[in-house]
Amino acid sequence: MKRTYLSLIAAGVMSLSVSAWSLDGVLVPESGILVSVGQDVDSVNDYASALGTIPAGVTNYVGIVNLDGLNSDADAGAGRNNIAELANAYPTSALVVGVSMNGEVDAVASGRYNANIDTLLNTLAGYDRPVYLRWAYEVDGPWNGHSPSGIVTSFQYVHDRIIALGHQAKISLVWQVASYCPTPGGQLDQWWPGSEYVDWVGLSYFAPQDCNWDRVNEAAQFARSKGKPLFLNESTPQRYQVADLTYSADPAKGTNRQSKTSQQLWDEWFAPYFQFMSDNSDIVKGFTYINADWDSQWRWAAPYNEGYWGDSRVQANALIKSNWQQEIAKGQYINHSETLFETLGYGSTGGGDNGGGDNGGTNPPEPCNEEFGYRYVSDSTIEVFHKNNGWSAEWNYVCLNGLCLQGEIKNGEYVKQFDAQLGSTYGIEFKVADGESQFITDKSVTFENKQCGSTGTPGGGDNGSGGDNGGDNGSGGDNGSGGGTDPSQCSADFGYNYRSDTEIEVFHKDLGWSASWNYICLDDYCVPGDKSGDSYNRSFNATLGSDYKITFKVEDSASQFITEKNITFVNTSCAQ
């Protein structure tokens, strides 16, 4: 349903008088600005790892014609899109999803892809978290080949399908303009579907200085005139190289690059960027920063056939990173927290890892003499590590209370930082591939203010108190169990049950293991299984008809039992 919040608008640029008005839309925070990052899976992961934080929002893309990027990898040279992977990696973050018309907006408007629209909406709603749907993003961008009639008709249809499918409290519809300087002003109305069909107005913020901020200011005023919140859906310091500290005024080929100091770069692009949000604080409620090495992605790389973009990674320069962390730590920004979904107006707060937003910068930790343990980063951040003992390591996971993320190799160690609470007890675990086998170790630790937490009790890595608080049953995690066929009634030892077209339950019968820990995995996304009757089971978001690898692993005294298989998700129970 629509939510209306009172806001204040300045009566003039220098005036102190104000008038009350309202912002109308779905999933609009009462106060604050949602911080999200994009725009490909690996760039999001690199940002989260480099800054030691869980983003409040994560951004990715899908094509409507083939739904490429929805449930598997799709890369058109601009980085990997895989919404399923991103949603599973960040179960307690909002999703910001751009939907490309693939140049066929009129065919979309004619109804040719209505089945795909339903699949898309049902899949996104199945993740049970706030979803900001950027339908036909950059509606007026000439490179997209959109028609005003196709935009208007398709927007109205998608809005009505969201309601018809019962997803109106989960999916917010964003109408995003390109804010492209070469585009003449005064043309936005022809693309507008109507206020009743739009929740947010979005814009792109790349090089607004090229036209004295005219296009972004026009978009902001348009949102204000419609009483809609404003989302900076795509923003990046175009033509700047953060790592190399250069700038080019040439948008086509990036020629004649000028050297910049890190402070100059910040002052020229980042400071005006945040000032734009401050100047429009009555309507700005969210932004997505594209944190990517554009030059490393072949679509954007030399010879720059689609323009020169640069390198926007904030972690590529110490001052830029520090300034960024200090800025978004301010009170007006909405970072990741256990109340994030509630803050965004979602129906429940969800579960999973309890973030506290950006943890700020830290000095590189000193290597420890012990093989496996933790080190204190801050009162709310723990770093779990294991020394690299030369495994083949096709994959590795570092875990805190069952939340397992891929570790980074730093200073001869696999490391990963997590949100944590000083004084709490946690289960930490490390697992890594080693040829045809794997190495797994875990212990229980109490998080204290010291660099190398060596005191730990061996045992189940998922038995601590804290960290992942009920992520299996919350709105941000996987879907829990319940309903459908009881796995104990199945003749198969290991398989899956159909729960719905978007939910699969993986199970394995209990064969009498000691089982101080167990994990059930879907495509290498591993979480502790629930013991129900004589079976271990776990539900995941999935898409009917798709292929998956399912895995079960369990501790058995001093050893472990592991089994896996490839399956196609069909509408059946007790599938082997």
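Yeah, the Cβs are placed from backbone N, Cα and C, and that goes for glycine too.
Features of the protein shown, as given by Swiss-Prot:
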ACT_SITE  GLU138  active site, proton donor
ACT_SITE  GLU234  active site, nucleophile
DISULFID  CYS368-CYS452  disulfide bond
DISULFID  CYS399-CYS404  disulfide bond
DISULFID  CYS490-CYS574  disulfide bond
DISULFID  CYS521-CYS526  disulfide bond
DOMAIN    23-293  domain 'GH26'
REGION    347-367  region 'Disordered'
REGION    363-453  region 'Carbohydrate binding module (CBM) 1'
REGION    450-486  region 'Disordered'
REGION    487-574  region 'Carbohydrate binding module (CBM) 2'
SIGNAL    1-22  signal peptide
Quick one: pull the CA-CA distance for CYS399 (disulfide bond) versus CYS521 (disulfide bond), whole Å only. 14
For GLU138 (active site, proton donor), which residues of its chain lie six or more apart in sequence with Cβ-Cβ distance below 8 Å? ASN144, GLN176, VAL177, ALA178, TYR180, SER204, GLU234
On a simple 10 Å Cβ count over all chains shown, which one of the disulfide-bonded residues CYS399, CYS404, CYS521, CYS574 is most densely packed? CYS399
For CYS399 (disulfide bond), just give me the three-state DSSP call. strand
For the region 'Carbohydrate binding module (CBM) 1' (363-453), what are the DSSP-based totals of helix, strand and coil residues? 0 helix, 52 strand, 39 coil
Around the Cβ of GLU234 (active site, nucleophile), other Cβ atoms within 10 Å, all chains included, total 24
Rounded distance in angstrom between the Cα atoms of CYS404 (disulfide bond) and CYS521 (disulfide bond): 11
The region 'Carbohydrate binding module (CBM) 2' (487-574) [mean pLDDT, rounded to integer]: 81
Taking helix as H, G and I and strand as E and B in DSSP, count the residues of the region 'Carbohydrate binding module (CBM) 2' (487-574) in helix, strand and coil. 3 helix, 52 strand, 33 coil
